[in-house]
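Asks: This is the structure I want to talk about, given as structure tokens.
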Amino acid sequence: MGLWFGETWGYTIILSVIYGATVGWIAKELLHWAEEKRFIDRESFLVFAITLALFVVGTCGMIGSDDVLACFIAGNAFTWDDWFRLETEDDALQPTIDMLLNLAIFMWFGAICPWSMFLHNSVIPIYRLIFLGILILLFRRLPVVFAFHKLIHQIEDTRQAIFVGFFGPIGVSAVFYLYISLEFLETITVDGVQREDAKQLSEIMIVVIWFLAICSIVVHGLSIPLGKLGFFLPRTLSRAFTSRSQERDQVFRVSDSARPSATGVLRERRPRRARDRSPSSAGNSTRPIYRIGGSVIQHANSDVNTGANTPVELRPSRPSTPPNVAVTRTIRFPDDEPAAIVGSDRST
């Protein structure tokens, strides 16, 4: 009992919390002061959070305390006033590094995960594992957060309470503590051999914790894409059905008639023989003729008797020159004499 209180609670947990909070708060104040005095450049400012995490993990590993817990507490203390997040909100370096680290750690998860133990183990069958995973994902966080969401000021309504209660991923920390526990269980030996109950507990922990981590990765990883799909899919289908119904009203035909014009009037296509026989039938026709596409040509009724529509091109108005006025120009050279210049002016 003394070992549990002294080493586990005192040295591992409480010391990690105090160390992480102290280092995170001091780092925040120093970074704020250096930014005000212009002692730090932009590149160092952006990667400061990553270097702080590496520093906390390294120093806690040296003293033998819980480095993951200390890093978590240091991150919360560092971003307590939300100043660093607002300063790096428009920067893409931090999200890029986070994405690379996430991809690397989850590729490592897939490589070392004991997939065969889910089916072949002496602890629990696969159908019980699936049922256990569903129950833990539903009742691990959701009932507690939903019951106390009115005491949390950041949660405004019931929908946000359900969202916060549902998203509690089981991943890196669970696997980390799994291997710490396995390392501790290996020390429980009798005559140099691991005890039977410790060996059985190790197998139970490997199967259950790894399966819950995989379930959390799959369920929580697919929740956001499926949620966005359910939000945008009805709108996309509605737009597709609306555009289809509009296209049915304007059918493109080739055999006897052309497609409708912009005004919805169908222009008929007549055979060539009929057009050769009655060349003036177009002028006597009462059907309106529309041009497909934009045009700068307007139709003016120049021939009132025949009713023919003459296309008139729209041109910008230009100043007209009187036809009887002759425009002349006198060309003078530098070596011309004044008399010759005057004579040439009179002759012109």
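First residue shown is number 1, and so on along the chain.
Just so you know, glycine gets a Cβ as well, placed from its N, Cα and C.
Copied straight from TrEMBL:
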COMPBIAS  298-309  compositional bias 'Polar residues'
DOMAIN    7-225  domain 'Cation/H+ exchanger transmembrane'
REGION    252-326  region 'Disordered'
TRANSMEM  9-27  transmembrane segment
TRANSMEM  47-78  transmembrane segment
TRANSMEM  99-120  transmembrane segment
TRANSMEM  126-149  transmembrane segment
TRANSMEM  161-180  transmembrane segment
TRANSMEM  204-226  transmembrane segment
Asks: Who are the long-range neighbours of the transmembrane segment (126-149) in its own chain, taking Cβ under 8 Å and residues 6 or more past its ends?
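Replies: Hits for the transmembrane segment (126-149): 118-119, 155, 158, 160-162, 164-166, 168, 207-208, 211-212, 215-216, 219.
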Asks: Using a Cβ cut-off of under 8 Å, list the residues of the same chain at least 6 residues beyond the transmembrane segment (99-120) that approach it.
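Replies: Distant Cβ neighbours of the transmembrane segment (99-120) are 126, 129, 171-172, 175, 203, 206-207, 210-211, 213-214, 217.
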Asks: Taking a Cβ cut-off under 8 Å, which residues six or more beyond the ends of the transmembrane segment (47-78) line up next to it in the same chain?
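Replies: Residues 11-13, 15-17, 19-25, 27-28, 31, 40, 84, 93-94, 97, 173, 176.
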